[in-house]
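Look at Swiss-Prot and you will find G111, I131, G132, D133, Y134, I135, L136 tagged as S-adenosyl-L-methionine binding site.
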Amino acid sequence: MKFQARVLTLYPEMFPGFLGCSLAGQALKQGIWSLETVQIRDFALDKHHSVDDTPAGGGAGMVMRADVLAAALDSCPNDSPRLLMSPRGRLLNQAYARSLARSSGVTLVCGRFEGVDERIIEARELEEVSIGDYILSGGETAALVLLDAIVRLLPGVMGNEISAKCESFENGLLEHPQYTRPAVFEGRGIPPVLTSGHHKAIANWRQQQAESLTRQRRPDLYALYNKNRQKT
């Protein structure tokens with residue numbers, strides 16, 4: 001079944017962007033997933049094609065109108081998760097990307113200006129999603145990141161399923177260090193265990209490295225990893 005991505009945006013020319021390259025681009029050409037953009041401005045209600053207005057109660061900037069967004073959303077089938085890219089939303093992680101990859105598709109709403117009228121979130125039951133604790137110019141960049149995280153997990157996109165399962169976050173840990181030729185680079189060699197041919201020793205080394213890196217760099221992840229490990 002083809003994964004269908006639909007993006008509501010004021011800048012459809014930003015898509016597919018980098019998703020037209022590499023693995024995601026190949027999968028798009030092969031029909032593993034599809035991408036449709038919806039120009040929000042097409043659903044404006046006045047001759048000026050206005051999509052925003054001043055915030056109620058005063059304040060800086062402009063707010064995207066609920067009625068315009070509702071018309072744009074209602075023009076699309078309601079057959080997949082409806083997500084609003086928002087810095088106050090649920091933080092994207094690998095587990096969430098994997099759960100979305102199991103669905104039939106996603107409909108993404110890209111905000112601009114100071115955000116969107118809260119009533120559209122309530123009325124159309126949009127789930128807010130964030131890619132990190134920082135502010136972007138609009139939701140389009142975040143939508144591209146989210147789609148990249150999803151698409152690479154779709155069946156048939158990645159050539160090596162084992163590789164995907166060994167990546168950072170898949171088992172709750174950061175990925176272990178990787179090495180390849182040349183054997184020596186500027187005086188630095190490859191850890192001997194990796195060229196020993198002893199598969200169990202290599203697996204143990206990689207696990208130890210992953211745990212050590214996670215403990216040093218992401219103590220929050222390491223605490224969760226230990227908690228989950230104690231349950232099993």
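Cβ coordinates come from backbone N, Cα and C, glycine included.
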Among I131, L136, the most crowded of the binding-site residues [Cβ within 10 Å]: I131
Candidate with sparsest Cβ neighbourhood (10 Å radius) among G111, G132, the listed binding-site residues: G132
